[in-house]
């Protein structure tokens, strides 16, 4: 049965997906390193992004090993790799949604304290639930060789398990479906709030309307809020398509193009986050360039950040609601 249903993983597919794993690994590592390097970046939203990057880094490593080995049977390292990728992948879903919830509470509800109070629950849920699911799957021998039915060389839910579809749902797909719905809704609500806040602010300060909107912090935040759920869906949809094709016993699930897109989508999340929140974030990109080209500039960044923090410490608290979109954008880049 396993051999009959096995999806062939070609060498060129392995090369492409392994490259995606490497990019995701270094992208996640860069997010973590920038957070550790510059203390003023250690805001709560950026911390949540670091936790997400840890899961993406772990996913990249486990998927890299799985694709490189291209398992063809159950083995100890197959089960170990499947368990690690199951935990990291599921945890990544939870942290992705957690960031959206945090931003919703922080910006729309205008309550930084309430948002910060949620972080403990984010940890309990985003680490605890994936860990419990993975332990349960291991204990019941549900993780193992899956003949690349809904994977690309790596191990996931054992193909011999009679209830493998149920465990595919529990170990990834149900959380993926929830994220598909939750992320667009939350980010759309945040976008609507930013638009309303910007419109209200412009009404009382007409001079703002004469400034280039495309370069304003709220405009940049608005674009990112649009891109975040789109990128998530674009990366994850190929895995979902193959899962749905499996349910219908369609041979289209073995299509090499679809298999390659699935492999890239599952492994590129860390690189995508790095591009959006590091390389395309001017303030952080400038610091990296300064760090690489002239280390003296780093001292300038530090003194400037200290000055900004001191100035913000004397800012009246009632301004938090009006500047929350800009504050988030400054925190994120």
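We count from 1, first residue shown onward.
In case you wondered, yes, glycine gets a Cβ from its N, Cα and C as well.
Quick look at what TrEMBL annotates:
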DOMAIN    13-281  domain 'G-protein coupled receptors family 2 profile 2'
TRANSMEM  15-36  transmembrane segment
DOMAIN    27-280  domain 'G-protein coupled receptors family 1 profile'
TRANSMEM  48-66  transmembrane segment
TRANSMEM  86-107  transmembrane segment
TRANSMEM  119-145  transmembrane segment
TRANSMEM  165-190  transmembrane segment
TRANSMEM  225-245  transmembrane segment
TRANSMEM  257-280  transmembrane segment
COMPBIAS  304-315  compositional bias 'Polar residues'
REGION    304-333  region 'Disordered'
COMPBIAS  323-333  compositional bias 'Polar residues'
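When the stretches 15-36, 119-145, 225-245 are ranked by Cβ pairs under 8 Å to the transmembrane segment (257-280), first place goes to 15-36. In this model, the domain 'G-protein coupled receptors family 1 profile' (27-280) carries an average pLDDT of 88.
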